[in-house]
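*Asks:* Sharing a structure below in structure tokens format, with a few things to ask.
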Amino acid sequence: MVITMHSHQKALLFFCFLAFSLSVSARPATFLQDFKVTWADSHIRQIDGGRAIQLILDRNSGCGFASKSQYLFGRVSIKIKLVPGDSAGTVTAFYLNSNTDNIRDELDFEFLGNRSGQPYTVQTNIYAQGKGNREQRVNLWFDPSADFHEYTIHWNHYHIVFYVDAVPIRVYKNNEAKGIPYPRLQPMGVYSTLWEADDWATRGGLEKIDWSKAPFYAYYKDFDIEGCSVPGPTTCASNPSNWWEGATYQALNAMEARRYRKAYRINLYMDGTNRQWEWVMAKTESLNYVELLF
């Protein structure tokens, strides 16, 4: 049987596809298609026709960039090769931010530099409806300066998951029903910076930056944003048909849960002052803490 499509049906299909394309963002072809430099243009260099970039930190300046649009729910991932060698005192940050002064929403990856031979630490943090102080630290189980690795934030109505190479290292569930704030009302932009923070970044500020090792370089590629851009169709963020809202992404699957358990068991950073706080945060965020860890 041959099915023919009339001209008005073709037009309707085209406009449906166009509306979907405008409301749901996808991977840009180059850096400048979806991003702009926000700090120290001279310290960000495009590579391979803009498909990759180099961030530079020296005595004069760090640098940063941001997405041209904001997004309300979706998935953001970037492949990063972090500062190699003696990177103590440096911070490479990749995060989402609502860019609001008082009631801020923010989802952070912060990669804390180290002395040569020591593990890199990644710190995650969540601001929800203006409330933060939810830092957690994990020591990476590989050298993130030797090659590119993928860092992902998946944000939907059900939970926020931070991934490192498809390994979930943090899960923050939507527990608004229990009085725990959850970022769901404000769109957020995608940001990244490379900067000096030797007053706190490495061993609580004990290890200072060694400027004789400067300049420091970090590399980015494969910028991937899939979400509801704002401004855009107002129904996009509440559309249950968006793939990132699907049943597959409403909770960790069995393999992800095993990876999450392993990451916490051997890599979760706890010191004497944070031990109780980390326990409380993990328990309130996952609500299955004991099941996941043991």
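Just so it is clear, glycine is given a Cβ too, placed from its N, Cα and C backbone atoms.
Below are the features listed in TrEMBL for this protein:
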ACT_SITE  GLU106  active site, nucleophile
ACT_SITE  GLU110  active site, proton donor
DOMAIN    25-220  domain 'GH16'
CARBOHYD  ASN114  N-linked glycosylation site
SIGNAL    1-26  signal peptide
*Asks:* Can you tell me the CA-to-CA distance separating GLU106 (active site, nucleophile) and the residue listed as 'N-linked glycosylation site', as a whole number of Å?
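*Replies:* For GLU106 (active site, nucleophile) versus the residue listed as 'N-linked glycosylation site', the Cα atoms are 25 Å apart.
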*Asks:* Count the Cβ atoms, other than its own, that fall within 10 Å of the Cβ of GLU110 (active site, proton donor), considering every protein chain shown.
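*Replies:* Step by step: centre on the Cβ of GLU110 (active site, proton donor), count other Cβ atoms within 10 Å, giving 19.
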*Asks:* Taking the Cβ of each of the recorded positions and counting other Cβ atoms inside 10 Å, which one has the highest number: GLU106, ASN114?
*Replies:* ASN114
